[in-house]
Amino acid sequence: MTNRTAYFYDPDVGNFHYGAGHPMKPHRLSLTHSLVLHYGLYKKMMVFKPYKASQHDMCRFHSEDYIDFLQKVSPNNMQGFTKSLNTFNVGGDCPVFPGLFEFCSRYTGASLQGATQLNHKICDIAINWAGGLHHAKKFEASGFCYVNDIVISILELLKYHPRVLYIDIDIHHGDGVQEAFYLTDRVMTVSFHKYGNYFFPGTGDMYEVGAESGRYYCLNVPLRDGIDDQSYRQLFQPVIKQVVDFYQPTCIVLQCGADSLGCDRLGCFNLSIRGHGECVEFVKGFKIPLLVLGGGGYTVRNVARCWTFETSLLVEESISDELPYSEYFEYFAPDFTLHPDVSTRIENQNSRQYLEQIRQTVFENLKMLNHAPSVQIRDVPSDLLSYERPDEADPEERGSEENFSRPEAANEFYDGDHDHDKESDVEI
């Protein structure tokens, strides 16, 4: 197959609900996927229904007690887990909701399968917009995140890759990933985020640089309110180029939190969808194996626009600014475009002097790095997941005709003659 981009999507992942009034909306994943379909971008990718991560997979990073708790707790029995809820920081921002463990299993499994396919050179780019939940810690939930799919995926990548670079463009600091790899030079973490004024999670000062073997392999770029495309570009591109030149990663993981866009419900930056996408395109340009993940993003319609646009950049396909008609078309009113104006009146508090100070400090830290730390040759551990699924029929075994026929629902998406959603069927 000539196409080297793998796209992972579970049709049920958008049906989970954190609860009334909660800003995290998994439904944004359904909107994103719908646009990917209706723009025809799926034709440019290998599309996979992903593996579901097991408890064992999650315990590669998280504690067994914590994962066991996530599997057992539910809205119906949570009164019996009062002590555990406090211990594991579940409740409030990280609520117990129906299907919590199942949700974690689905988004984590997709990221893990993406890492495995990169390891086996099945693809050059793997995309999982459901992943990127970067705040989860070893022993607890944090910031709407329960299982840290990023850390688990990087651990899988490290079986084959001596050096993995992690880049985070979410408005919130990637604290869970930084903490996991703070003491090692095998993973370099680079986070661009809002810092100061008690903004969550309160970490990510530029003087947090790593420790022990990981000293100077942790890079933080703390930003102030209102940063725009031009200011962000002037920092992002030279910093990432320098990091790649110094560190020489053999694989990159890119967390594309869309809460750094202007007009985000929880954000205070002023990036446009094109400006956010420029970062993705710049990282892709290094032609290094790349795992692309979602993350934050709380104005649902703009998250879907952003990740759809970035999918188009990753597969190098130009798409129209006019959105295609889909079942979620009304979400994108009143303009129905891919690139609406998302700028706000928030003043850009990142002065030229401030940006220059950050750049100089970051480059000073980079000079302290050992170029491309090496790893001793060793046996490669077995893959964390197997591609043989016991619940799926053997494709080599011919079954009866009835196994291959099914009713075709009128509201389902089909490519070709089976598509019921003809232009004549809809009134706009």
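Any Cβ shown, glycine's included, is placed from N, Cα and C.
These come from Swiss-Prot:
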- 3-316: region 'Histone deacetylase' (REGION)
- His17, Gly21, Lys25, Arg265: 1D-myo-inositol 1,4,5,6-tetrakisphosphate binding site (BINDING)
- His135: active site (ACT_SITE)
- Asp170, His172, Asp259: Zn(2+) binding site (BINDING)
- 381-428: region 'Disordered' (REGION)
- 386-405: compositional bias 'Basic and acidic residues' (COMPBIAS)
- 415-428: compositional bias 'Basic and acidic residues' (COMPBIAS)
Cβ packing number for His17 (1D-myo-inositol 1,4,5,6-tetrakisphosphate binding site), 10 Å threshold: 16
Chain-mates of Asp170, His172, Asp259 with C-beta within 8 Å of site centroid, Zn(2+): Ile171, His193, Gly257, Ser260, Leu266, Gly267, Gly295, Gly296, Gly297
Lys25 (1D-myo-inositol 1,4,5,6-tetrakisphosphate binding site): secondary structure state under DSSP, collapsed to three categories: coil
Inter-residue Cα distance where the pair is Arg265 (1D-myo-inositol 1,4,5,6-tetrakisphosphate binding site) and Asp170 (Zn(2+) binding site), in Å: 13
Those residues of the chain, 6+ apart, with a Cβ under 8 Å from that of Lys25 (1D-myo-inositol 1,4,5,6-tetrakisphosphate binding site): Tyr18, Tyr298, Val300
Which of His135, Arg265, the listed recorded positions, has fewest other Cβ atoms within 10 Å: Arg265
Cβ neighbour count (within 10 Å, all chains shown) around Asp259 (Zn(2+) binding site): 25
Spatial separation of His172 (Zn(2+) binding site) from His135 (active site) - C-alpha basis, Å: 9
Minimum Cα separation from Asp259 (Zn(2+) binding site), reported as the residue among binding-site residues His17, Gly21, Arg265 that achieves it: Arg265
